[in-house]
């Protein structure tokens, strides 16, 4: 009766078959994970519990049940030598048991995957495009991901970037624009190609490009022809500032820490137009440095102008020598003149003091001398000529001393015109 009813039952569709296969595959994968967890659990528990039991039994036997005789001790310790071997064999048995279960599980899983693959191939051959696409998206998403990550073939066209499309279009227009003019006027004469640098052509929305003139004519469609827009970007001018290496050793880090230099003590030079990194500058030079971008060639001005010191006056060597000579001779003359004048004035003042003192003493001595002369005249008459001679000598000396300062004082102003003449000269 079951065979009769089975004839009238509807045949399951491919979608139902694939669903059942997916369920079985999922169950087998779960069982494999569960089996691996159980294997680790049982093996770990066996080792832990057996080691704890082994240590406790060894301790108990050593403290209470260890006999004194050597043969009895040997018989008592034999089970302790056999116990690790027993544990190791149990561990291998458990690993073998779980590994066999995983092998059977993997075999069943491989069979289901092969069945699923065959059914999907039949779907791609027999079913329509729409149903086949739906079935593949539902039951075989890995193939779609693999197609997305496949590299493009060599014959496929290379997708250009947004900025590159403009460059290719402008380059193609430059190459195709002189074609009709040359066809009407005939082939132009081919002159020698100058080996100098090519001219720069500015492309809209990008840095200046160099038009590369081909040295030899090539056939259209040959494999050696270069794609327009590829390799036209100039290398750019060399950077005047050093760029720190990315990989630095321990010695470099120590030196940078001691000197106070390094990436952590520098400021990045970012272009204002394309926001690209153009090296690093020191903290003292960051605000005063102006640089040209190495990628878009934009000149980034300095944030501040460096303060300049005031300009010193210019002196020639001959003028400097003349000024030094005049400054060296002038003060010596001026210093010598006042020194001579001061000495003369001091001498004259001292002499005047001496004269005043001498005149006062002479005035005081005059009455004394008169009285003494009278006494002497009374007492001794023949001694008068000697005393008169002494008086006359004293008077002459005093008069000579009075005349000498007057002469010296008169000689002082005679020196003044000579000093003035020296100054004027």
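Quick reminder: no glycine exception, Cβ is built from N, Cα and C everywhere.
Here the candidates are 50, 99, 411, and Swiss-Prot annotates 411 as phosphoserine. When Swiss-Prot is compared with the stretches 15-35, 78-98, the one noted as transmembrane segment is 78-98. Looking at 271-296, 297-322, 323-348, the stretch flagged in Swiss-Prot as zinc finger turns out to be 271-296. Swiss-Prot assigns the feature coiled coil to one of the listed ranges (101-128, 129-156), namely 101-128. Feature annotation from Swiss-Prot across 177, 404 places phosphoserine at 177. For the topological domain 'Cytoplasmic' (2-45), DSSP puts the residue distribution at 39 helix, 0 strand, 5 coil. Proximity of distant same-chain residues to the coiled coil (15-41), defined by a Cβ-Cβ separation under 8 Å and at least 6 residues beyond the stretch ends, is recorded for 94-95, 98-99, 101-102, 105-106, 108-109, 112-113, 115-116, 119-120, 135, 138-139. Its Cβ placed at the centre, residue 114 (phosphoserine) has 10 other Cβ atoms within 10 Å. Along the topological domain 'Cytoplasmic' (99-425), the predicted structure has mean pLDDT 61.
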